[in-house]
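Heads up: the structure comes next, in structure tokens.
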Amino acid sequence: MGIPELILLCGLQTVGLMAILLQKKFRTPANLLLNVILFTMLIYFAYYYFTYSIIDLKRYIPYFLCFAFVSPPAIYFYCESIMTGKLPKLKTVLTHILLPVFLVIVVHVLNITAYEILQKFTFIGILLALALLHVLYPLFIIYKLGKRYHFERFQIIGIFKYNKDKTVMIKLFVTMMLLHSALLITKAIVFCFTSEYWNLLEVTNIIFFLVLSYVIAYHVITRPNAIHQSKKKNTIINFKQYSKSGLKEEDAKLIALRINKLFQEEKLYLDPDISLPVISKKLNIPSHHLTETLNGLLGQSFNDFVNNYRVEEFKILLKDKKFKNYSILALAFEVGFKSKATFNASFKKFTKQTPSEYKNALSEEK
């Protein structure tokens with residue numbers, strides 16, 4: 001199978017994914033924006049298909065790069081819609097697409113001039129600007145996600161350890177954007193000195209989009225929660241106030257911040273007998289307000305919240321040489337679990353792997 005056939009296959013797969021997301025049960029704000037992202041990928045597949053099979057479109061590369069400036073904000077709005085369950089305001093969208101529109105005009109003007117050297121440096125500038133956006137937008141996404149989870153400073157490093165089912169697509173796009181930025185910077189640097197390796201870099205870019213397409217397809221097929229079925233709650237945080245409760249959303253956010261801070265600083269989850277009343281007493285917050293915050297704001301029960309921390313601590317100890325002679329069960333007890341059954345169920349829930357599978361995968365990496 002040649003490159004054109006691979007591109008065609010992946011393009012058809014992308015069209016299929018878009019069709020799935022247009023089904024009634026998948027019509028959510030997040031999925032609408034995911035379709036926009038898939039459409040930008042489809043444009044790339046079409047461009048590369050015609051380039052490698054029928055028509056040479058190299059002179060139009062700058063235009064396609066300008067169109068690529070739509071992708072970072074589209075991914076940002078997609079991630080934001082997962083967090084809020086809403087589409088962005090039109091005014092906000094327009095401010096984000098001003099740059100690609102401006103660049104299209106600039107590129108068109110330069111392409112009809114005879115100043116080839118100016119065209120070259122404009123092309124390099126576009127590549128570097130696009131690479132910069134592929135770094136800034138992921139950082140902004142992580143920052144916004146951290147604010148919603150009420151994390152402070154370096155706590156956001158572990159932001160994707162929580163509510164993994166709901167953040168799996170955010171993590172995917174953040175990772176792929178950062179990888180793509182490295183590829184774009186490489187292309188810009190190489191283009192400064194020679195065009196000898198341009199075709200190789202273009203093929204690498206094709207492979208990148210092929211991989212991204214397959215990874216998205218994998219999550220859509222194997223993890224339906226990741227594409228937010230409309231019958232399910234499709235936000236990471238959307239405070240649900242209990243009936244007859246006086247707890248406001250802003251107060252719940254402060255409570256969530258204090259709970260996370262307490263757990264991270266004092267590691268209370270290591271205590272097998274930790275309970276809601278103990279936390280209530282330490283924070284001087286009524287137990288029912290803690291429960292309402294965990295359920296309504298973070299989407300977790302108290303036990304899940306505690307066990308999530310324990311699972312992450314287990315993963316840390318598993319890599320620590322001091323505990324290399326510990327059995328899996330011994331480590332589970334070390335981090336606060338009281339039974340093998342609870343540990344196995346919690347680990348599977350938060351990692352989608354059994355403890356043994358995770359340990360074996362870790363050993364293979366070494």
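Positions of Cβ are set from backbone N, Cα and C atoms, glycine also.
What TrEMBL says about a protein is an automatic prediction, not a curated fact.
Here is what TrEMBL says about this protein:
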type: DOMAIN; residues: 260-361; note: domain 'HTH araC/xylS-type'
type: TRANSMEM; residues: 6-23; note: transmembrane segment
type: TRANSMEM; residues: 30-49; note: transmembrane segment
type: TRANSMEM; residues: 61-79; note: transmembrane segment
type: TRANSMEM; residues: 91-115; note: transmembrane segment
type: TRANSMEM; residues: 121-143; note: transmembrane segment
type: TRANSMEM; residues: 168-191; note: transmembrane segment
type: TRANSMEM; residues: 203-221; note: transmembrane segment
Cβ pairs under 8 Å with the transmembrane segment (121-143): which stretch of 6-23, 30-49, 168-191, 203-221 has the most?
168-191
State the mean pLDDT for the domain 'HTH araC/xylS-type' (260-361).
89
